[in-house]
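Taken verbatim from TrEMBL:
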type     : residues : note
TRANSMEM : 115-140  : transmembrane segment
TRANSMEM : 164-183  : transmembrane segment
TRANSMEM : 213-233  : transmembrane segment
TRANSMEM : 245-265  : transmembrane segment
TRANSMEM : 292-314  : transmembrane segment
TRANSMEM : 321-341  : transmembrane segment
Amino acid sequence: MELSIPCCSALKIAPFSNSGCRLKLPATTAAPSYLHFSNASLKFPSAAIRRRHFILACSKVDAAGTGPQLNKVLQFRDAFWRFLRPHTIRGTTLGSFSLVTRALIENPNLIRWSLLLKALSGLLALICGNGYIVGINQIYDVGIDKVNKPYLPIAAGDLSEQSAWILVLFLAAAGVALVGLNFGPFITKLYCFGLFLGTIYSVPPLRMKRFPVVAFLIIATVRGFLLNYGVYYATRAALGLTFEWSYPVAFITSFVTLFALVIAITKDLPDVEGDRKFQIDTLATKLGVRNIALLGSGLLLINYIGSVAAAVYLPQAFKRSLMIPTHATLALCLLFQAWVLERANYTKEAISNFYRFIWNLFYAEYALFPFI
């Protein structure tokens, strides 16, 4: 607030400005008549005008006071989302939708809207389990992540370890509760087995990620076999059917299990620097980035060749017109990306792009699966 007292003894006070609650009036600005004090007259604003200005000022003060709290909420939301590793959630969600859709396509007469809530609870349980596994890994890998993945919330200091522990314990408990209440003892045991594998992968003293072959098998089992078998089994059980393999489900389970093995191998490619610093043995540190990239590409090519062969030899089970051209195209895209990586001389940025491309291939297969 600025006060101007000229020689004539008049006192002028400016009305409320538009910039928050700060009051300002340049010396040359005339005040409105209702805020003019002089020796001869004394006039105040009406009650309605005073009330309106008071409410406006208080609302702005209140907004300024709640701003920091809102920022904290938004920052926690961002940290929590990064903590869940969104690319893994996309894979889990897409895989679940794909397998449920396939089961419904095979049994369209059994579709009931009442199953929608059960399906959503199953998806939420899978996301909780996924969040627990990737979260527990971040808690025990915080030192490595500060080198390899400094953007992760614990490594970046955006999420405390205490908060991370609360989150992972809540996610595990919520996931087990959802599965136990909705899907029976067998699926609950299967779910807990997946959590157990995710735990021994990261947590000392076992910390199986130290042993490359065991680590790859754990990832392939959880993301490949358990996810596909468990979701398909639970969906058929919800439809009132006993479990039985079909050619398409056997295909996607074997395809994704091998694919998850490739993800397990190539996920260490961008992390070689930190793994070497903390003496974490991976195939990438032992065999070199180039050799592992070529190995992963070769295994994926086997997947695509097998897909084409399945369509050729089992035309009664698969749609040749879709299986053959799409998998041939994906294989060519893979070869092109491997060539790009070679031309880039395996820089860290090129390796990260290649790893993201592999995940995109993973998503593409699940998106294709219901229609093969």
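Glycine is no exception: its Cβ is also placed from the backbone N, Cα and C atoms.
Remember, TrEMBL labels are computer predictions, not curated facts.
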Candidates 164-183, 213-233, 245-265, 321-341; stretch with most C-beta pairs under 8 Å toward the transmembrane segment (115-140): 164-183
Cβ-Cβ under 8 Å with the transmembrane segment (164-183): same-chain residues at least 6 beyond its ends: 80, 83, 118, 121-122, 124-126, 128-129, 131-132, 135-136, 138-139, 153-154, 191-192, 195, 234, 237-238
For the transmembrane segment (213-233), distant same-chain residues with Cβ under 8 A (at least six beyond the ends): 91-92, 95-96, 99-100, 102-103, 122, 126, 133, 186-187, 190-191, 193-194, 197-198, 200-201, 243, 249, 252-253, 256-261, 263-265, 282
